[in-house]
């Protein structure tokens, strides 16, 4: 699913996509799944299967069907940059197998235990050209980190707790079923609010070293199809009114983080952010302040 949405986004941005890999479905099924999307709507361009190719807006895309990334001949299709979005090959060792087929760089669309992790607007300046495998972190980290950066840069985060109220994802169960060691994760997604673990807050410490060990968090999985929201509650080192905090966030949203961190003071709800391309949209009306050093901040994100 993430791969299909990456393809939509790439087409919107004018990127040249030359190949895709999916070992589980044929090209005709790919056409169907790409054309129709229950959450984001029908694809506005054209998509057909032709001679074994996936043809999107007239552009032929080579289709591979390999379970082992090492067997994908990316070079034959002219692919240089690969988005690894299976959620399976998330370490440097596993993701590097794409390089055997001729890829030059691999971007993992998930957190990684050992690959360098980057969040747009936060730590891209640390990227080095010799890095061949990198992680773009999680959707929640991409929402949390830009906001945490603005707050820490201006007011110093002493410590904080994060909760993400998170839409249903593909790994959840439609009805109650077994789920390994995480028993609650196996409960029916449409019937329950499910407390769950997330490493998103701790991951912020990897992209903002000054916050390492200062943030942790959890998730509540809720029965909505898309769009999630971060609740960041922090103790500040430098006292500030809520209005002062809002002003700094808005300044960043209109300046260095434009297009990454958004700002709204309207009466919004989750569906208002469906297909929103910002990593994070600060909700000025939803946050609250107990005093000038203890504040709860709210930010929305389309988690897909």
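A Cβ is built for glycine as well, from the same backbone N, Cα and C atoms used for every other residue.
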Further D-glyceraldehyde 3-phosphate ligand in Swiss-Prot, beside 138, 139, 140, 198, 199, 221, within candidate set 97, 169, 174: 169
Chain-internal residues, separated by at least six, CB under 8 A from residue 22 (NAD(+) binding site): 3, 30, 63, 64, 65
Distance, residue 303 (NAD(+) binding site) to residue 138 (D-glyceraldehyde 3-phosphate binding site) (CA atoms, angstrom): 9
Listed recorded positions 1, 2, 67, 166, 303, filtered to Cα within 10 Å of residue 140 (D-glyceraldehyde 3-phosphate binding site): 166, 303
Length of the line joining the Cα atoms of residue 303 (NAD(+) binding site) and residue 221 (D-glyceraldehyde 3-phosphate binding site), in Å: 12
Least Cβ-crowded entry, counting other Cβ within 10 Å, from the binding-site residues listed as 1, 221: 1
Those recorded positions of 1, 2, 139 having Cα within 10 angstroms of residue 221 (D-glyceraldehyde 3-phosphate binding site): none
